[in-house]
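All remarks here apply to the structure that follows.
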Amino acid sequence: MSLRIYNTLSRAMEDFSPLEPGHVRMYVCGMTIYDLCHIGHARMMMAFDVVQRWLRSSGLRVTYVRNITDIDDKIIRRAVERGITIRQLTDEMTAAMHEDIGALAIEPPTVEPRATEYVPQMLSLIGTLERKGLAYRAGSGDVNYAVRRFEGYGKLSGKSLDELRAGERVAVQDDKQDPLDFVLWKAAKPGEPPEAKWDSPFGTGRPGWHIECSAMSCATLGESFDIHGGGADLQFPHHENEIAQSEGATGKPLARFWMHNGFVRVDNEKMSKSLGNFFTIREVLQQVDAETLRFFIVRTHYRSPLNYSDVHLQDARASLKRLYTALALVAPEDIGAIDWADPHAARFKAAMDEDFGTPEAVAVLFELAGEVNRTRSARLAGLLKALGGCLGLLQGDPQAFLRQGVQLDAAEIAARIAARAAAKAARDFAEADRIRNDLLAQGIVLKDSPAGTTWEAAQ
């Protein structure tokens, strides 16, 4: 196939073909569910939603695994703060996550494993690492990974152990042989809830974060698979540690391709709660509709930084409106399977085949919209809708999208349009203008054409 992907591991563009012909296996690190999803989470899940959509559009079968971390220090603290069980908290936050990302048309993964369901596999993996001399039991009761014993440590980051130590300013701990060593099994501490503890050959405790993903990816996809993805913030140490664990245990490459989406910034500043510029998906959806937020994210390449601002959101809304305006002109023809030999479709495919180049693909959608405006072609409108569908866009009713935000009842608007038509027929143009201006003041734009008068929201 013609698809090329930027591989973080090699720091280069590479031709992609799946290990198993026709079948792509992809693992993405999902949410640690102690709070509502924010726009950074939306960006990550949207990026890999587009990836799996395009792989399927290219005729490939995709097994997409996106995990849920449902045991973690933050989860334990939040459950204690709220006076509820860990399971109550994680069930509540999982349901909220599904609701939020469902609104954004993010398709569910093929498999969504919860960490707490795979503790036996984690214990087995830790046992293998200990037998191979890659793990040791610390005086605290923890089991740690010995990074200096894994020859390839640092290959994803492209840095030596010394560079990683200096860059991360890792604190020296008495029970670690190296400051970069990380915990595989955390010994239970006094006062922790019973549901945060498991009996094990290493003592009562719970798994470390990194071992969770190694165990879940192996259990659901096998020892080696095609794509491992996540946010850029996970490249080190999380993904570096996953490689050390999985490859240390199996002796096989964990993933052929490593993909990382860029950070979200807010008004050109880092997004953080301390700066007061931290927004949940639900907060953003109080300002704009879900498809506008999706379009805002998708039109930026997944590896580039995404700058969130009210201005950029409104620009995205206006741009998406242009595409829906074209689809409102003529009923799109159901074209069935996309003909990739069509010049527009071919340019779209070329863009997406170059590391999922959504900015260039979106540009093709605007080219098509221009052609639909010019020709009123139902076939081209159908192609515009079909190509938009590859990105999870343009599947709604155009008139409904264009009329969002209008408070006036549709029947009342129709009555006023009829009154305006009667005024024009009676050559009472002052009254006709008054009706138009009155509707405009209420956020309604009238559009006259030989076929009659239609309306849409002004914004």
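One is the number of the first residue shown, and numbering goes on along the chain from there.
Yeah, the Cβs are placed from backbone N, Cα and C, and that goes for glycine too.
Per Swiss-Prot, these features apply:
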BINDING   CYS29, CYS213, HIS238, GLU242  Zn(2+) binding site
MOTIF     31-41  motif ''HIGH' region'
MOTIF     270-274  motif ''KMSKS' region'
BINDING   LYS273  ATP binding site
- prompt: So, by DSSP, how many helix, strand and coil residues make up the motif ''KMSKS' region' (270-274)?
  reply: 0 helix, 1 strand, 4 coil
Message: For CYS29 (Zn(2+) binding site), which of the three DSSP-derived states applies: helix, strand, or coil?
response: coil
- request: Please work out the number of neighbouring Cβ atoms within 10 Å of the Cβ of HIS238 (Zn(2+) binding site), leaving out its own Cβ.
  value: 17
- request: Could you work out which of the binding-site residues (CYS29, CYS213) has its C-beta surrounded by the smallest number of other C-beta atoms within 10 A?
  value: CYS29
Query: Relative to the Cβ position of GLU242 (Zn(2+) binding site), how many further Cβ atoms are located within 10 Å?
result: 26
- line: GLU242 (Zn(2+) binding site), DSSP three-state class -> helix
Model confidence over the motif ''HIGH' region' (31-41), averaged pLDDT: 96
- prompt: In the same chain, outside CYS29, CYS213, HIS238, GLU242, whose C-beta lies within 8 angstroms of the Cβ mean position for the Zn(2+) site?
  reply: TRP209, HIS210, GLU212, SER214, HIS228, GLY230, LEU234, HIS239, ASN241
